[in-house]
Amino acid sequence: MMTQSIGRSMLTVMATLPLLFSSATLHAQANSVQQQLEALEKSSGGRLGVALINTADNSQILYRADERFAMCSTSKVMAAAAVLKQSESDKHLLNQRVEIKKSDLVNYNPIAEKHVNGTMTLAELGAAALQYSDNTAMNKLIAHLGGPDKVTAFARSLGDETFRLDRTEPTLNTAIPGDPRDTTTPLAMAQTLKNLTLGKALAETQRAQLVTWLKGNTTGSASIRAGLPKSWVVGDKTGSGDYGTTNDIAVIWPENHAPLVLVTYFTQPEQKAESRRDILAAAAKIVTHGF
């Protein structure tokens, strides 16, 4: 639980700090980050999960990073990546057209609704899902793959034993406290996002496409991005659901520094609670200070 996560976090935060500092200074700085995250969480009235990976040395900053949180639309990254993986062996796959019917529309379809009685390519569906969080696009990607369990199977193929997708949009966003469906942990998601965008989980062309989609996201300006210097390049995917669940996962390219991978998950005790993107921005500012 939290004690284990904080203890683990303190060790990994310390690993990111310059070796010239005394151990006392290292401990003080690690404590400061943890105390700031704990204070932020306490003031919010919710539960906050954070995982940051510094790819310069693979050190980590973790807070409740091994606890499960509902992914909501951050799960769209896994579905889109699974389709990209298929395209490695079928160079024409992303041009495959998918019919869009009025009956396909769900609660949020800013792109798909413009194509009712027409078609969209799998590439267009991937872009709509990741850059506009289009729920019909996500459902079409899931259907193409063969169901939510196939998205989970793709995660397993990457070595991610934590991710699980059980439902489609919009029911995957219920975010009921204690419900394991459609959840992961901040650390598991951070490790997988790193593998997908900066590692070898995808071939170079597919990896570049995923990064391009994430950099073009239109929904994240008030979340992680809001807590970072404007000169930093960010690719991210947001998510939100019941219980005020507010999420963002990002790959960050600071100036003159190796990329950072950051996952921020937040949820609240009341089902009708409002989203709190400001909490994600504040968490991002805390954990990236000094980079």
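Just so it is clear, glycine is given a Cβ too, placed from its N, Cα and C backbone atoms.
These features come from Swiss-Prot:
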- S73: active site, acyl-ester intermediate (ACT_SITE)
- K237, T238, G239: substrate binding site (BINDING)
- 1-28: signal peptide (SIGNAL)
Quiz item: Going by C-alpha positions, which of the binding-site residues (K237, T238, G239) is nearest the residue listed as 'active site, acyl-ester intermediate'?
Solution: G239
Quiz item: For K237 (substrate binding site), which residues of its chain lie six or more apart in sequence with Cβ-Cβ distance below 8 Å?
Solution: S73, T74, K76, V77, L130, S133, L214, N217, G220, D248, I249, A250
Quiz prompt | Number of Cβ atoms other than its own within 10 Å, given for G239 (substrate binding site) | solution = 26
Practice problem: Starting from the Cβ centroid of K237, T238, G239, which together make up the recorded substrate site, report each further residue of the same chain whose Cβ lies within 8 Å of that point, ordered by sequence. | Solution: C72, S73, T74, K76, S133, N217, T219, G220, S223, D236, S240, N247, D248, I249
